[in-house]
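Novice: Pasting a structure here, questions to come.
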Amino acid sequence: MNKANLLYTDTNMKTFLFSEVSVGISANSMLFIVHICILLGENRPKPINLYIAFLSLTQLMLLITMGLIVADMFMSQGIWDSITCQSLIYLHRLLRGLTLCATCLLNVLWTITLSPRSSCLTKFKHKSPHHISGAFLFFCALYMSFSSHLFLSIIATPNLTSEDFMYVTQSCSLLSMSYSRTSMFSTAIAIREAFLISLFALCSGYMVALLWRHKKQAWDLHSTNVSSKSSPEQRATRTIMLLMSFFVVLYVLENAVFHSRMKFKDGSMLYCVQIIVSHSYATVSPFVLICTEKRMIKFWGSMFGRIVNI
């Protein structure tokens, strides 16, 4: 991407980027605070609350680092040194990977938790939190190793124009790598994401089947004049399906924008669009969780009630 194009990107795009960061940080902060309060207030906290709190914290840190990077894209005068560039971009890449991993593993835990007693997944209910924690630590180590090449390929932007590097922000540039190294890292990332997305798809298919089963039971109950009010499990299943669908749509859209950007060396507008799309899930998903969980609505209702009374 050309530096001049980066500097003169549409003002509306800058505003949208900063707005997304601000809204996402606020939403994830709210989600994190609520689940920390739930964890501290329960004698036997549920693992699902711990994982949601961790996911919201990961997304919060991701959006904060993204905000710093976006600020350096549009507002800085290129004051970061190589160590700052390497550290921030490495942390951002690591947090993006951990967000993907945490989202997929959270959906696995949700699927196991909501599975009926007759399901073959029942035997994993008590063991799943430990197994998922181990899987997350494994992926964490894997992501750290996958992103380690950034310490060699990210440099402070030099005061010259060259085809050997690509501008990331005003302060930071990415050195071009050899074809073999690029292929190796691309293949490793593709395998990692294919595995997690496949896991995501399996959970989605299972949840669709589970939701259909609930609906069929509701129809049978309705035909016998028994209340067919949605159960907490059904509401949770719909929430998970909504988040899964949104995640998959954004993932496909992000890859489409990325491949389009690769065809245009100076596609600064596409670069901004990719940033917006790739962080949309971290911004929107907390609102879905906040608005669909009754405990969270009651929590914020009581908090605002206390503020008004004061």
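Cβ atoms here come from the backbone N, Cα and C positions, even for glycine.
So Swiss-Prot lists the following for this protein:
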type	residues	note
DISULFID	Cys85-Cys172	disulfide bond
CARBOHYD	Asn159	N-linked glycosylation site
TOPO_DOM	1-20	topological domain 'Extracellular'
TOPO_DOM	42-49	topological domain 'Cytoplasmic'
TOPO_DOM	71-93	topological domain 'Extracellular'
TOPO_DOM	115-134	topological domain 'Cytoplasmic'
TOPO_DOM	156-190	topological domain 'Extracellular'
TOPO_DOM	212-238	topological domain 'Cytoplasmic'
TOPO_DOM	260-269	topological domain 'Extracellular'
TOPO_DOM	291-310	topological domain 'Cytoplasmic'
TRANSMEM	21-41	transmembrane segment
TRANSMEM	50-70	transmembrane segment
TRANSMEM	94-114	transmembrane segment
TRANSMEM	135-155	transmembrane segment
TRANSMEM	191-211	transmembrane segment
TRANSMEM	239-259	transmembrane segment
TRANSMEM	270-290	transmembrane segment
Novice: In terms of Cβ proximity under 8 Å, which residues at least six beyond the ends of the transmembrane segment (135-155) contact it?
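Specialist: Non-local partners: 82, 85-86, 89-90, 93-94, 97-98, 101-102, 105, 165, 168, 172-175, 177, 181, 185, 188-189, 192.
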Novice: Hey, would you say the transmembrane segment (50-70) packs against the transmembrane segment (270-290), going by three or more CB pairs under 8 A that are 6+ residues apart?
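Specialist: Counting Cβ pairs under 8 Å (6 or more apart in sequence), the transmembrane segment (50-70) reaches the transmembrane segment (270-290), since there are 3 or more.
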Novice: Looking only at the topological domain 'Cytoplasmic' (42-49), what is the model's average confidence as pLDDT?
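Specialist: Summing pLDDT over the topological domain 'Cytoplasmic' (42-49) and dividing by its length gives 76.
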Novice: Can you give me the same-chain residues 6 or more apart in sequence from Cys85 (disulfide bond) with a CB-CB distance under 8 Å?
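Specialist: In sequence order, Ile154, Ile155, Ala156, Val168, Thr169, Ser171, Cys172 meet the Cβ cut-off.
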Novice: Go through 21-41, 94-114, 191-211 and flag the stretch with the largest number of C-beta pairs under 8 Å relative to the transmembrane segment (270-290).
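Specialist: The stretch with the most close Cβ contacts to the transmembrane segment (270-290) is 21-41.
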Novice: Which three-state DSSP class does Cys172 (disulfide bond) fall into?
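Specialist: Its secondary structure by DSSP: strand.
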Novice: Would you identify the secondary structure of Cys85 (disulfide bond) according to DSSP, in three states?
Specialist: helix
Novice: Around Cys172 (disulfide bond), how many other CB atoms lie within 10 A of its CB?
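Specialist: Total other Cβ atoms inside 10 Å, all chains included: 25.
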